[in-house]
Amino acid sequence: MELLVASAIGILTAGGLYLVLRLRTFPVILGISLLTYAVNIFLFTSGRLTTGAPPILRDGVNVYSDPLPQALVLTAIVISFGMTAVVVMIGLGAFLGSDDDHVDDQPETDEDHSEGTS
Amino acid sequence: MTHWIAVPIILPALVAPFIVLAARHHIGIQRVLSVSGVLALIAVACGLAMQSADGTITLYQMGDWAAPFGIVLVADQLSTMMVLLTAVLALFVLLYAIGSGWDERGWHFHALFQFQLMGIMGAFLTGDLFNLFVFFEVLLIASYGLMIHAGGNARLRAGVQYVLFNLIGSTLFLFALGSIYAETGTLNMADLANRVAQIGAEETVGIRVAAVLLLLVFAIKAALVPLHFWLPSSYAEAPAPVAALFAIMTKVGAYAIIRVYTMIFPPDLDVTAGLHDLWMLPAALVSLAVGMIGVLAAKKLDRLVAFSVIGSMGMVMVAISLFTPGSIAAALYYIVHSTLAGAALFLIADLVRTGRANLDLTLQPTVAGNSLTAALFFTGAIAMAGLPPLSGFLGKLLVLDAAFDSDLVVWIWVIVLSSSLVSILGFARAGSILFWKAHSVEATDETDALPRPNMLSYVSVGGLILLLAAHTVFAGQVHGYTTTMAKHLFAPEPYISTVLDAPGKLSEPTEGDH
């Protein structure tokens, strides 16, 4: 199970990073979504992987699953969901406004291309 | 009354929805509510700062749950100083937004402003790393709304870049938190300080990765080169009052670095050996140089100010990455100065914008309201470039003085002094084009029609400049205060014992570990 989960995180992160480095807004947003999936699974596994173990202390049980990472994941999921919605709306507004969905500043629209910005 | 610690977070959190629900169609009522909320915030922040001035550390347990399990808010000297700085800055920025009419150019300015304040206050007060992440997100999501306030294509494009960059930063933060939790089983800062110190020498791989990831996250917030690319476009395109409020946001990153890397990963810890002097210090020096060269190279006034913010953050980070009590004291003094000076300059750039066709640094007729705006610009520029007599000069002296014991002292002195010269050249060039040479250009009818900035705008910018002057006059007292603060930061035992030994629900540990 460790191998499966670890490679799932790895593949999601790799795919996410590749998409984040793309030129246009839509693949970048997809990439960020993949990255957030990866980080959610990663957070989930930070409490160690156990199956069928109760998260609450009770008598006669020796193996527990850690409930805290699950709470953390819930928070992270809600936040990343909201953030993705926001970035989709802003990206859509920018695309509809300028008819161009490049993520980086374009030389022709950005004449004041000063040092260090991209 | 320890409940007061929660007020800086609760108060804006109540004012904001009230503005949205009850006053959304009445800009006058919004303004009154927002200003009175910020005034109350200043009063509470003053009370908290006085309470912690003698080194008292106050703890607030959410829902009375004891520390490693519940979320705690902690007010020590550093947090309360940053809270007070935020509240005071917010008042002047808000007055400017009202005076210049920026708050009328889009929806929900005041509500988003209050949510932003809530996030910043929470980030300064929390004693839990995951809670820090949550407050980062609160301040970020409010800042996304503020950043694209009043719309416009250029602003939306810059907004997309800003949001995407910060989303990646947040993801990185979660990766860092996951690794820390996997290694230590806790996310409470005081508890982490104890547990990280106990990790054996052979088992440090995970925690090393976590420490570096966390530093990267905070470096993105603090706009440390090479993670500064989000800052120039977004700060230049953001509405002026928003950019001025954002001046405190880079300091949230600096605050988090000071807090985490004095308490959880102190400089003498083997796990993070080399992180400060080998990586952070050169990066900070490069930020300083890049920022100030950007000041000289900028073709627009708003970009110039944005690059000067990068440069001054570089200066702050140079002082922080030396990690001695003296250098942290200097950094804290400089943080206050750099916040006020950066905010004032963004507002002044908007004063110029009001009376001019655009912000390009090319010859154009004189700015409406020329003399007063010019005087403010030169005072702000003197402060930011670090010329005597204002606090930038004193802060720079303190940083240089603190660098004496470092191995890289020659590098620090050379880069700090030469980048100061470059920034003086940059500001002098901008100022002479904007205000001085402009007299040689004939005014046209169009430029005559441009309005002078509102009186309230001048009052708020003048107020920030007066605060800078006060920061200079009372430099002795302020530096004395930051020195004791730094001393307490490097001896975190009272902080840790206050947090962990306070009774609350579940105060008796029933299991040894998680």
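Yeah, the Cβs are placed from backbone N, Cα and C, and that goes for glycine too.
According to TrEMBL, the protein has these features:
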DOMAIN    B:127-419  domain 'NADH:quinone oxidoreductase/Mrp antiporter transmembrane'
TRANSMEM  B:6-23  transmembrane segment
TRANSMEM  B:32-53  transmembrane segment
TRANSMEM  B:65-95  transmembrane segment
TRANSMEM  B:107-126  transmembrane segment
TRANSMEM  B:132-150  transmembrane segment
TRANSMEM  B:209-231  transmembrane segment
TRANSMEM  B:238-258  transmembrane segment
TRANSMEM  B:278-297  transmembrane segment
TRANSMEM  B:304-324  transmembrane segment
TRANSMEM  B:330-352  transmembrane segment
TRANSMEM  B:372-390  transmembrane segment
TRANSMEM  B:456-475  transmembrane segment
I need to check the long-range neighbours of the transmembrane segment (B:65-95): which residues 6 or more away from its ends have a CB within less than 8 Å of a CB in the stretch?
5-6, 8-9, 34-35, 38-39, 41-42, 44-46, 48-49, 51-53, 55, 57-59, 113, 117, 120-121, 124-128, 131, 186, 188, 190-191, 241, 244-245, 247-248, 251, 255, 258-259, 332, 335-336, 339-340, 343, 347, 456, 459-461, 463-464, 467, 481-482, 484-485, 488-489, 495, 498-500, 502-507
When you scan the chain for residues with a C-beta under 8 Å from the transmembrane segment (B:6-23), skipping those not six or more beyond its ends, what do you find?
29-30, 33-34, 37, 40-41, 44-45, 48, 60, 73, 83, 87, 108, 110-112, 114-115, 117-118, 121-122, 125
Who are the chain neighbours of the transmembrane segment (B:107-126) in space, where the CB to CB distance is under 8 Å and they lie at least 6 residues beyond its ends?
5, 8-9, 12-13, 15-17, 19-20, 24, 30-31, 33-34, 37-38, 41, 71-75, 79, 82-83, 86-87, 90, 94, 97, 132, 134-143, 145-146, 149, 245, 248-249, 252, 255-256
Any chance you could find the range in B:238-258, B:304-324, B:330-352, B:456-475 with the most Cβ pairs under 8 Å to the transmembrane segment (B:209-231)?
B:238-258
Is the transmembrane segment (B:330-352) in contact with the transmembrane segment (B:456-475), using at least 3 Cβ pairs under 8 Å (sequence separation of 6 or more) as the test?
yes
Per Cβ pairs under 8 Å, the stretch of B:132-150, B:238-258, B:304-324, B:330-352, B:372-390 packing most closely against the transmembrane segment (B:278-297):
B:304-324
Distal contacts, the transmembrane segment (B:238-258) - CB-CB under 8 A, six or more residues away:
78, 82, 85-86, 89-90, 92-94, 96-97, 100, 102-103, 105, 113, 116, 120, 123-124, 132, 136, 139, 143, 146-147, 149-150, 155, 158, 215, 218-224, 231, 302, 305-306, 309, 313, 316-317, 320, 328, 331-332, 335, 338-339, 342-344, 346-347, 349-350, 353, 489
Distant-in-sequence neighbours of the transmembrane segment (B:330-352), which means Cβ under 8 A and at least six residues beyond its ends:
78, 81, 85, 89, 92-93, 96, 100, 102, 235, 240-241, 243-245, 247-248, 251, 254-255, 258, 301-302, 304-305, 308-309, 312-313, 315-316, 319-320, 359, 367, 369, 373, 376-377, 380-381, 383-384, 391-392, 394-396, 398-399, 401-402, 434, 453, 457-458, 460-461, 464-465, 467-468, 471, 475, 478-479, 482, 485-486
Residue numbers, six or more beyond the limits of the transmembrane segment (B:304-324), whose CB comes under 8 Å of its CB atoms:
222-225, 228, 231-233, 235-236, 243, 247, 250-251, 254, 257-258, 261-262, 267, 276-277, 280-281, 283-295, 297-298, 330-331, 334-335, 338, 341-342, 345-346, 349, 361, 384, 395-396, 398-399, 402-403, 405-406, 412, 416, 419, 423, 426-427, 430
